[in-house]
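Over in Swiss-Prot, the protein carries these features:
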DOMAIN    1-59  domain 'TGS'
REGION    240-531  region 'Catalytic'
BINDING   C332, H383, H508  Zn(2+) binding site
Amino acid sequence: MKIKVKLPDGKEKEYDRGITPAEIAKELGVKKAIGAVVNGELWDLKRPIENDCELRLVTLEDPEAPEFYRHTMAHILAQAVMRIYGKENVKLGIGPTIENGFYYDFDIKNGKLTEEDLPKIEQEMKKIIKENLPIERKEISKEEARKLFNNQPYKLELIEEIEGDRVTIYRQGEFVDLCRGPHLPSTGVVKHFKLLSVSGAYWRGSEKNPMLTRVYGTAFAKKEDLDNYLKFLEEAQRRDHRKLGPHLELFMLNTEYAPGMPFFLPKGVVVLNELMRFSRELHRERGYQEIFTPLIMNEQLWKISGHWDHYAENMYFIEKDEERYAVKPMNCPGHILVYKSRTVSYRDLPLRFFEFGRVHRYERSGVLHGLMRVRSFTQDDAHIFCTPDQIEEEILGVLDLINTIYGQFGFTYRVELSTMPEDHMGDEAIWEKATTALKNALERAGLSYKVNEGEGAFYGPKIDFHIRDSIGREWQCATIQLDFMMPEKFNVTYIGPDNKEHRAVMIHRAIYGSLERFFGILIEHFAGAFPTWLAPIQVAVIPISEKHNDGAEKIAKRISQEGFRVFFDNRRETLGYRIRQAQTQKIPYMIILGDKELESGKISVRTRTGKEIKDVDLEHFVETLRNEVLSRKLELLMEG
């Protein structure tokens, strides 16, 4: 029986049913093929093709290639661990690819795998790569699979959850794994890898299950790319907010009493307050009204909103006086209650409510991560209530606000627009009008964007913003979401020109997103060296010796009187120690005062990067500092 295969150049060829991409690659002279994409699905090179299809061969140069070779590297890792610790002692979890790498979870009997063991595992992996073992894909019955994995409890659990009567396994040498693929043709195709770290991970992410040992690794087709990535990881570690935050006395975490709920220390609160002050200024200028809504509200509210049915497992509850309350996971229902507290005319619209609202959402302990993934956080939430005809202008205003805020921190960003999914609610004509309004606003703002067709929420289209930090990482922060569901559930209306009720449009939007997460991103973006306007301490005044204390204290008070955050460091430590500590605390400016400075009335200024500026007039320094802080400059003006 023949099948038709359509190639990327548009040509269609006939082949015998059961032909493999490897055979097609040979015919076409594509010697470097490692796999294929068949009807949009990643496909092993030796896997038979049974039906008509569109086919594209994949080489190591293609964007799909990492999925093949990193998945195979995870299997090579598991095979190496079983060789070292003994097949009978290792229970296998899962080993997927992740962004820029892979991992595998192990349950090792009578043994402990630590980061000190990674070099010997790497050596065994190199042996497996050198053996260049063929990788074979096979479909077997569930009954066969149960026998094959009879000593692998985690695999047996997975087998029972797979739909249908057959499962897929992969074999390389003595190693067999339950896996959907895709994989390389053999273990010797890609040689450049590195095991990165070891951590604990609960099976299936649940604290009720056993804790497994997770080994992370990465792999690249070229050694140069691997080396560059490892350098990138070193830089990322240097910037890790989980290390810098406590070191700079910004925040602390207490996993015993408040897991996932950060404690902000005095210096961290300074930064948070500056972020909120900056945001409030811009929101006031743009006609937003700040409100404050309760942290705990009755269960009936959450039943109306739908959170009770669809989000309860992520919520915290309180029972008092035979009434059930929920700690709010989102701010929108509260904002709707504020809107509905009075009759609204079309003349009142748009109404823009804004809140730094504290929310709580349960996250499994295994996914908590510093400030980036927490259970308690503050959202810079706003909800705009408007008429359908006002959508475009309101979105345009939000886009301008986002651009202003992100530009202040030196962030660039990319934009994604997600459109109507199949299981949407609401009239398609309204969806079409709303989506067109979003597109028009993006285009009027001069923003290029990617369209994710059918990936909007069921209750409305949305725009997502992915900011890029100083080392090129992307973070999803701002969101603009149109909502057709909440106004219907809560009967959110306004009185139109015809004196009748009309359904209002509701726009959810956040710019920082989670204030805590944005703070963590900023710590890593600036490597803890905040611009002066954000810095917890802006100036350290350091007398050279005890006899200079009085004069230095007067200068510290003079600068402090101007509203700047000053640390007068008259501790009985060496001058070198105090300067070094100011530098490690990332204080933008140090004023060093000795006989010469106090006699001349001129000061010596040293920046945190080590640049020295001598004979500076104090009032000139104060004026420069004022300009730098009021204009929220990113750079240190005294270095200019």
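Sequential numbering from 1, following the chain as shown.
Placement of Cβ uses the backbone N, Cα and C atoms for every residue, glycine included.
Where Swiss-Prot records a feature, it is marked here on the structure.
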residue : record              : DSSP class
C332    : Zn(2+) binding site : helix
H383    : Zn(2+) binding site : strand
H508    : Zn(2+) binding site : strand
Practice problem: Write out the long-range same-chain contacts of H383 (Zn(2+) binding site), meaning residues 6 or more apart in sequence whose Cβ is under 8 Å from its Cβ. | Solution: N331, C332, H335, I336, Y339, R352, F353, M506, I507, H508, R509
Self-check item: Cβ-centroid neighbours of Zn(2+) site C332, H383, H508, 8 Å, sequence order
Solution: M330, N331, H335, I336, D381, A382, Q481, D483, M486, M506, I507, R509
Quiz item: Averaged over the region 'Catalytic' (240-531), what pLDDT does the prediction give?
Solution: 93
Practice problem: Write out how many residues of the domain 'TGS' (1-59) are helix, how many strand and how many coil, based on DSSP. | Solution: 8 helix, 27 strand, 24 coil
